[in-house]
Amino acid sequence: MLPSPSSSPAHVLEHITNVPPRKPLRQAPLKFFPTPPNEKKPKRQAQLLASDSPRKRIKLSQEYIASESDEYGSSSDEYLEEDSEDEDVFFAGPSARPAQPTHRANHRVTSMYNRPASFLVPSFGQLSTRPLLQSFVSSSKADVFKCESIQPDRYLTPPYACSYSHGAKQGQKSHLAVANEEGTVHIFDTSKRRDWDPEPQRSTLQPHQNGVFEVKWDETDSRIATCSGDKSARITDVKTGTITHALQGHSSTIKCVTWDPNHQKLLATGSRDGTICLWDLRTSERHGDSELHLAQPVRMIHGAHQEPQLKGKGRARKGLSAPPGITSLLYPDALTYGLVSSGSADGILKYWDLRCLESTKKSRGAKPKPPPVLLSSPIDPTTLQGSRRARGILSLAAGSGPTAGLIFGLGADSNIHCYSLPSLEPQTSRQYSHPNLKASSFYVTLSVSTCGRWLASGGTSTDGRAFLFDVEASRSSGNSPSPTAVQLSSQRGEIGAVDWAQDALATCADDGTVRIWRPDVEVYRGCVEMPEKKRWDWAWGS
């Protein structure tokens, strides 16, 4: 006889019917806490929601599920909820570890996660990247660009300066501006191409009729600023080739120019006359009916690197020497309202607070006085290598990424000196040099790679050598860097200007050519294995 519905066991049919139970099911006491009671409090919930760490759900062990299934009379499949792809779970149950660790385990886990990130992530700072620098190669067909002369009786002209656009440093179109001694600026597209592909169309600008010593892109890559031996600096529209602004105020050759990274209308220039001029393009005046605007400096720093004259009782000497020229300028990221300058007489760097400068409008008969220097290098690093006299700084380059807070200066003593920001104190234990690195010309420049790890330098040796240094590895190790550097040699004459894109390096030589170097391990291995065969098509480092 079948049992009547009233006498049927309710707990057997409840899981297969949609009739609600008459009374609550009996629950066995839990042997673990899936969610700690403290996490139900509002304060604890807010902390959990604000946390970015991944949530970890609890996975029940097989032994515990089996015991619960026997007690409740249901299969283990109803309680087993696991994701085959999720391996980062906790086990709970009688056969697993306790849900609450012991005090010693808590201390060990807490101390591990409170350690710096370098403990959890492998550190590669001390690994040298010299083998990667050695793999830089240059194709003799696709990576060579010629600076053609505008004169009918000349073929090539030596390049004086080069600069990659900001887009090229960010991995976009590789536009390289190259200025030469005839006042011409060529805009090359140095994107990687095959040997049989023709050179992309270049743009040629003529902002000056004299040698251009430096060229810089603005932040939008729509204009370039150039400084020349004609005692002027000019702003040129890259797309139209029109000169929009002419900056006049120096009494000698302008050696350097730089844009203010925080203001598109502000820039600074340094001249051989020892003066630093600050320009605001908003104060320029239109010249006649043309699109040319003439500008005068809004601030001037006279004798920026001239030593103060001591007042003596005797008669003032006649024929005092001219103030040292300004060789390089840069706006450091660590000092927002400042400008760092270097001079041709010594290795002292100076920092000028641009908010404290006086106007250039002086009364008649009043002699201009240089503003007080906010910061200056306490010692001259060029006098610490046994030199009898100080040597000037030829070029400055600011570090970035792992070398942020550092300034590298190429000295006329053929050493690359390192300065710390914001004190501008030289790091005497960190100097970069090479037996073949000679720097006796103000045309030689420095450049730091976009990753901040590598430093490139030109040289005045006549065999066309450029030098690459791994500056990040030596900083991480804390030891003095090795003088060994990677040499790139394939051009003739001096290597003056150098500059980095995101994946390439440009070097300019006196033979009128610009070479592009790129890392390629496979090509480099082939060049090392078969140098006689590859030397006609490739150039590589050593």
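Glycine is no exception: its Cβ is also placed from the backbone N, Cα and C atoms.
Listed in TrEMBL for this protein:
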REGION    1-86  region 'Disordered'
REPEAT    205-246  repeat 'WD'
REPEAT    247-289  repeat 'WD'
REGION    361-381  region 'Disordered'
REPEAT    488-517  repeat 'WD'
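Taking the repeat 'WD' (488-517) as a whole, pLDDT averages 93 in the prediction. Under 8 Å from some Cβ of the repeat 'WD' (205-246) lie the Cβ atoms of residues 150, 160-167, 175, 177-187, 252-259, 261, 264, 267, 269, 271, 279, 281, 284, 287, 291-295, 443, all in the same chain and six or more residues away from its ends. Per DSSP, the repeat 'WD' (488-517) is made up of 0 helix, 19 strand, 11 coil.
For the repeat 'WD' (247-289), residue counts in helix, strand and coil come to 3 helix, 21 strand, 19 coil, using DSSP.
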